[in-house]
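Notes to accompany the following structure.
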Amino acid sequence: MSLLSDLINLNLSDTTEKVIAEYIWIGGSGMDLRSKARTLPGPVSDPSKLPKWNYDGSSTGQAPGEDSEVIIYPQAIFRDPFRRGNNILVICDTYTPAGEPIPTNKRHDAAKVFSHPDVVAEETWYGIEQEYTLLQKDIQWPLGWPVGGFPGPQGPYYCGVGADKAFGRDIVDAHYKACLYAGINISGINGEVMPGQWEFQVGPSVGISAGDEVWAARYILERIIEIAGVVVSFDPKPIQGDWNGAGAHTNYSTKSMRNDGGYEVIKTAIEKLGKRHKEHIAAYGEGNERRLTGRHETADINTFLWGVANRGASVRVGRDTEKAGKGYFEDRRPASNMDPYVVTSMIADTTILWKP
């Protein structure tokens, strides 16, 4: 008699050329990931070769019941670390039957920015530091924290080692390896300042692919914690009080910034970001005002400040970049629940296309 695990791990390539494609899209809240699977006649590596599909948008808060069909367009393919073999994960965006992007489809407008000739010429690179908090499922309290109580104060947990400092490392390592298997350009992980909070980094990724890879990594994380029986919070301030919030610091450079003389280009770009501070803050994640207080390694939400090696700034430039006279900068304002399509395209639009 086969065990359930035996059947889950069946190698389909032993008996059929057919593969399973898991279509993934973003639901009505802008943070809820949805997915469903379909059988394909054989392996596919080009998203343009995949069929469009549809779903009931009235059940995701994206369409009325009397006209509920939403069409999903395949946009990016990753290897499926759960089914393995030739099976794939497919990142999709969402449209009406008439072909118009629905309001929650942020990828469509981002793709317009990244396809602009001036942006293409600059080869925008992104490195996104995605922080998140693991929670005990039934009580919605951070993993490793005593029920109804608090651990010792912050200090020993950042990049900490040991059963009293690192909570959920098995989940974090499983996610790291699954992302590498999938083909996501995940570049590292670390424990964060607040216990139960972790971070993974995606990048360097070019243009629209940064958003695709972050959403794919978020999906894989959600699937892993589903197996583990815990939940994840992307809330920018999951615990009030003297505890660090959760952000999605976005590292950015253009070709001009990476070339000799790039430091002047960086300073000009940061100046432009400062002039559009309010617009960026409005698009950088819900509840960010609870995180950007001027404490816990943040700048106040109403103040734009940049500096070299300053983790209390809105935008930080590294010492290596200052010394080399070229490189990249880090926008520290985005919240952990930001939409990477919105943030990456807005930074490119402001620094490359916008004329003050």
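Yeah, the Cβs are placed from backbone N, Cα and C, and that goes for glycine too.
No curator has checked TrEMBL annotations; they are predicted automatically.
Listed in TrEMBL for this protein:
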| type | residues | note |
| --- | --- | --- |
| DOMAIN | 19-99 | domain 'GS beta-grasp' |
| DOMAIN | 106-356 | domain 'GS catalytic' |
| REGION | 37-66 | region 'Disordered' |
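Mean pLDDT, taken over the domain 'GS beta-grasp' (19-99), works out to 96 on the 0 to 100 scale. Taken through DSSP, the domain 'GS beta-grasp' (19-99) splits into 9 helix, 39 strand, 33 coil.
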